[in-house]
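Please find one structure pasted underneath; my questions will follow.
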Amino acid sequence: HESEAPITRTVVTPISPPTDLHLEPSPDFATLTVSWSRSPSPGITGYRINTALLLGIRLHSGYTLEEEVTESQSRVCIFDNLSPGVEYNVSVVSVKDDQESEPIWKTITQEVPSLTDLNFVDVTDTSIDLRWTPLKGPTIIGYRVTVVAAGESVPIYEDKVGPTQGYYKVSGLEPGIDYDISVITLVTDGESAPTTLTTADCCPTATDLRFTNVGPDSMLVTWSAPPSMVLSSFLVRYVPSKNEEDAAELTISPSDNMVVLTNLLPGTEYIVSVFAVYEERESTPLTGVQRTGLDSPTGLDFSDTTSSSFTVYWMAPRATVTGYKIQYHPETGGAGQKEERCVPPSRNSLTLTNLTPGTEYVVSIFAVNGRQESVPLVGQQATVSDTPTNLEVTSSTPTSMSISWDAPPVGVRYYRITYTETGGETPVQEFTVPGDRSDAPIRGLKPGAEYIITVYAVTGRGDSPASSKPVTVTHKTVVDKPTQLQVTDVQDHSIQVRWMPSSTPVTGYRVTSVPKSGVGPTVSHVVPPDQTEMTIEGLEPTVEYVVSVYAQGKNGETEPLVETAVTNIDRPKGLAFTEVDVDSLKLVWESPKGQVTTYKVTYSNPEDGIHELVPAPNGDEDTAQLHGLRPGAEYTVSVVALHDDMESQPLIGTQVTAIPPPTNLLFSQITPTSVTVSWRPPNVQLTGYRVRVHPKEKAGPMKEINLSPDSTSAVVTGLMVATKYEVSVYALKDSLTSRPAQGIVTTQENVSPPRRRRITDVTETTVTITWRTKTETITGFHIDAIPAGGQNPIQRTISPDLRTYVITGLQPGTDYKIHIYTLNDNARSSPVTIDATTAVDSPSNLRFLTTTSNSLLFSWQPPRSKLTGYIIKYEKPGGPVREVVPRPHPGATESQQSQNLEPGTEYTIYIIAVRSNYKSGPLVGKKRTDELPRLVTLAQPGQQGRILDVPSLVENTPFISQTSFDNGNGIQLPGTSGQQNIGHQGQQVFLEEHGFRSPVLPTTATPVKPGYQAPEQHTLDKYTPGQHVPTIREDIELARFPPRQIDMDRPTSHDSGPQQVDRTGQEAQTTISWRPLLETTEYIITCHPVGNEETPQQFTVPGTSSSATLNGLTRGATYNIIVEALKGKNKHKSRELVTVTSAAHGSGVLHGLEDTCYDITTGSSYSIGQEWERMSESGFKLWCRCLGLGSGHFKCDSSKWCHDSGLNYRVGEKWDRSGENGQMMSCTCLGMEWKGEFKCEPHEATCYDDGKMYVGEQWQKEYLGAICSCTCYGGQQGWRCDNCRRPGAGVTPSADGVVGQTLSHFSQRYQQNANFNLKCPIECYLPL
């Protein structure tokens, strides 16, 4: 049979699930432990545990926790962080590879945890504080606090707090009520069981019970009241612990926390309780136990006292005792020898033996109960003494002494006495005296030796004597003392004494001094035995001292020899000067020791002598004020203390008064970087000034300038723009510095100067200028036009809109420096400068004075310009233009033309003023020459015949060869020949002339025919007309000689000569005559002025003359006139005479004014020859003399003074000045012989090097890499350097190659030869 194929099916049986699923939450419900039993299926590889949140009847997949474990691991799984109060489905399946069994599952709800450590931390009558530890968990949302009164069910208080809070204060409670307080943990869907506490008391209990001051029948009980509760009272109950029937209680005020319990039983234990009472309720008691102390025995008594024993009695205390303890010890020094005895409670007495005789004992009795002791009962008792007392030395000599003592209260057989020298150098001596004696002598001792004497009282039987405690005394035998103590000298701090020496040998003397009043230190000194005199120092003034002198031996000293003395008054100390002012001083001093009644203060200086201050300072003062002193003067001040008739030594000091500061501090010429400071100098002799300038409101460098004493201004440069500066000016005198004159100045803003300035037009009195500016704020322009001489500058401030300006009011033919500034409020720019020269103005007022047939004499008014000459041209109609040669000098105002002029011809005259390369427009005039003259014969006075004289030609007139001219102002002065350099450092000699003075014509000498008499007028005058060219004519007497006319335009005849007819009478007319000599070709007339500085005048007349009229000499001047006849080359003196000139006369001549001079500067009039002083406008001091000249003319010059830096110095006066390089120079005024010059030499005490000043000191400077030492010698010696050392080298460099010698290159002594310079500007004024 064939079988069918089997049908096969594979069936896998399901895996069995685990069994015995068990869920175990932790006590705090924080974790869940899941456990199970293994699946019975084989091959299980592991288990999967799933915990899912169950919401309603469904699982919430979003809240699932899953864990897997292998078969080899324990079948336990722990889940944490489960939310309390939530229901979870926990399932477990068996896993075999990829197969899973059916799950086994259970549901569980995690309990909400309750608080476990809730407690009270503070309980008061109305509040309770709660504290707990917050639980951790994401579902805990907080805590609810519930308060329920005890016995009630409805809460009276409920509140919620956050999940992290662990503290809560329950307030608003009523005192005396019990409360149940619960705290419940809240979660999202539930809450925990409540944790409840109940307040057990109606009110809090007192604390800190203490017992102090416990005695046998009392004790002090203290406690601490409960906080934050107002109680009604405290109740204190106390009762013996063994007898509760004797309980007692006390009610205490609630404000008290202590009570004293009294009337207690000694040695008894008490139970003490303290209750806090609120209304009628009591708190839990605060209880303690304390035993009272034992009471002490009483009635202490002593009896049966001997030298070595006594008996003690007492009475028993109330408390029960177990015995007594008795302690005793000597009162003095016996605490360490304390003895102790104990007796039973039945005893009440005790005999103490073996005590020390004559000793006070302290006895203490204690009641004892077990270990407890009472306060001791204390008493004192002394044993009987057997020792002598009060041992003393009753008398002593150098070799013996007597002693005595008091006997003891016991029987004494005899006394044993010993004595020996201190130090143990001699053996002990001993003797006895009977027991009924209480004194004894000791002999055979050494003088001045110290002995120890001891006395013993001997008691007892003779075979066993008992010696008492000894009594001892020390004594020194006396030494022979000195005699005749005398006080020989007394000072304020010392006393000198002398004495006669001791008759016995001594080792020295001790001298002491003690204030008799007892107040003050004792001074003691020891001197050798051969000295019998001493000065005691260090004493107080005006104190009475007791002076003692002791003679000293080897073993001691004698009784003192005593004398008293009073020390003198002490002098003041510590003189100091405060508040030093210009004319006053305040002085202070330290008051002397001792008594002072008053002080005498004197002060002196060489100029004023000695003065005493009145009223004198009192004795309690220590200051004084001196007034009326000289500024900058050194004073010697003396202060003397006075007391009764005593006077101290003087306290002396010196002090220099202050110098006054400069005043009237002014600031000018303020620019952005500089300022000019000026001041008024003080009225004292100074050595210099110091100017300090420092910024006021911001940081910057400080400037300091040292100036000479003649300075009154300083220019400070290098300042910061628009900066406020504080300026201080100090006056210096040697080492003294005055208080500063101070001021505040602000530099200006930086303003841009004008640009592109130029001159567009120039006339005689105007200059037109133009300029440009930057585009910035401008408030105006300032223009200064300063002439070359510096006089009368023109200043103008104009509108900011102008860029062209015409400067008017200028002087013709003058060089000007024109400065243009840009203005901005108070600030101005630096100047731009233009040099300009005004045009030369033309001469004016042409006048023809004299005409002849071949010459014209004319004059003109000179222009205001300073000229260098004139050009004079002339022409006739149809003829060429000719020029007068030589050209007239700048001071000329007239000219005579006689070359090739044609008679009866009209000439045109051109006068052109010349200044260097500049020419003025011409002054033009026309004049006709005279026709040829006719020969006229006139009758001569006193002569019968007719004589014909021919006038001499002008061409034959000799000229003075040397002429000198003025400074260009049209006035010619003698002796001012310009600047001369004679090698002196100096100044300008300043000359002035005042008063109208007509241009002077040449002096004319006129020969006079016989028979003509000319009167003389003599007028004193210093004026010298010698600068002009004199012309000489013979006086031809014509019958019809026309009178002189003032009309200058009217022509005069040839006979009148070249006379100027408008002079005012200052020229003189003098006629002289002489005896004619044969063969004389001409006569030379020389006029020598007597007593003044005029230049001698010389004239010539023809040899046929025997007399001449001299015109043009100074009126009133004295001349020595010499007439010499010239024969070929030989001269023969014809006549010599001295005469005083007189004024010219004749009709039509104007006579001079009154001969006085009026000076408008001084406002005074002066007679002819009178002299006076005045100041020039430029600061020179002048010496003036009235000349008159008929016009009030006077002449001034500065030759009697030296002028320097605005100050004037007389001849011989010296002063200091600062040189151009800053060095100090010493100057001396030389005076008239040097024409106002002064000589300056290096200052005798100062040296200058590299801009620094040194005064008698040394400094170092570098030369060729070496350091040289320089020394200032001053004056002509200067300074020199030597001792040059090169650092690190041993060779000293030298300019001449010689090692160690003074460097010749560096031995500068700046021996500047005295430089003398003479500048003589002349200023002349011509009043209209």
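For all residues, glycine too, the Cβ spot is worked out from N, Cα and C.
Heads up, here are the entries from Swiss-Prot:
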DNA_BIND  1-13  DNA-binding region
COMPBIAS  1054-1069  compositional bias 'Polar residues'
DISULFID  C1157-C1186  disulfide bond
DISULFID  C1184-C1196  disulfide bond
DISULFID  C1202-C1229  disulfide bond
DISULFID  C1227-C1240  disulfide bond
DISULFID  C1247-C1272  disulfide bond
DISULFID  C1270-C1281  disulfide bond
DOMAIN    1-14  domain 'Fibronectin type-III 1'
DOMAIN    114-202  domain 'Fibronectin type-III 3'
DOMAIN    205-295  domain 'Fibronectin type-III 4'
DOMAIN    296-386  domain 'Fibronectin type-III 5'
DOMAIN    387-480  domain 'Fibronectin type-III 6'
DOMAIN    573-660  domain 'Fibronectin type-III 8'
DOMAIN    661-754  domain 'Fibronectin type-III 9'
DOMAIN    755-841  domain 'Fibronectin type-III 10'
DOMAIN    842-933  domain 'Fibronectin type-III 11'
DOMAIN    1054-1145  domain 'Fibronectin type-III 12'
DOMAIN    1155-1199  domain 'Fibronectin type-I 1'
DOMAIN    1200-1243  domain 'Fibronectin type-I 2'
REGION    658-929  region 'Heparin-binding 2'
REGION    930-1064  region 'Connecting strand 3 (CS-3) (V region)'
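Burial and contacts for the listed features, if you can.
In the predicted model, residues of the DNA-binding region (1-13) average a pLDDT of 78.
The 10 Å shell around the Cβ of C1186 (disulfide bond) contains 24 further Cβ atoms across the protein chains shown.
Summarising the environment of C1202 (disulfide bond), the number of other Cβ atoms within 10 Å of its Cβ, over all protein chains shown, is 27.
If you draw a 10 Å sphere around the CB of C1240 (disulfide bond), it holds 21 other CB atoms from the protein chains shown.
Under the three-state DSSP scheme, C1272 (disulfide bond) falls in the strand class.
Within 10 Å of the C-beta of C1270 (disulfide bond) there are 22 other C-beta atoms, taking all protein chains into account.
Counting same-chain residues at least six beyond the ends of the domain 'Fibronectin type-III 1' (1-14), those with a Cβ under 8 angstroms from any Cβ of the stretch are 99, 101-102.
For the domain 'Fibronectin type-III 4' (205-295), the DSSP counts in helix, strand and coil order read 3 helix, 47 strand, 41 coil.
Per-class residue totals from DSSP over the domain 'Fibronectin type-III 6' (387-480), listed helix then strand then coil: 0 helix, 50 strand, 44 coil.
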In Å, rounded, how far does the Cα of C1184 (disulfide bond) sit from the Cα of C1157 (disulfide bond)?
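Taking the Cα atoms only, C1184 (disulfide bond) lies 10 Å from C1157 (disulfide bond).
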Return the member of C1157, C1202, C1240, C1247 nearest to C1196 (disulfide bond) in space, with distance defined Cα to Cα and candidates limited to these disulfide-bonded residues.
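That would be C1157, the closest of C1157, C1202, C1240, C1247 to C1196 (disulfide bond).
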How far is it from C1202 (disulfide bond) to C1270 (disulfide bond), counting Cα to Cα, in Å?
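If we compare the Cα positions of C1202 (disulfide bond) and C1270 (disulfide bond), the gap is 35 Å.
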Using a Cβ-Cβ cut-off under 8 angstroms and a sequence gap of six or more, which residues of the chain neighbour C1229 (disulfide bond)?
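In sequence order, W1201, C1202, Y1209, R1210, V1211, G1212, E1213, K1214, F1238 meet the Cβ cut-off.
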Among the disulfide-bonded residues listed here (C1157, C1186, C1240, C1270), which has the Cα closest to the Cα of C1247 (disulfide bond)?
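Nearest candidate: C1270.
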Here's one to test understanding: among the disulfide-bonded residues C1157, C1186, C1240, C1281, whose C-alpha is closest in space to the C-alpha of C1272 (disulfide bond)?
C1281
Quick one: DSSP breakdown of the domain 'Fibronectin type-III 11' (842-933) into helix, strand and coil?
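Grouping H, G, I as helix and E, B as strand yields 0 helix, 45 strand, 47 coil.
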Quick one: give me the count of other CB atoms within 10 A of the CB of C1157 (disulfide bond).
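For C1157 (disulfide bond), the count of other Cβ atoms within 10 Å is 24.
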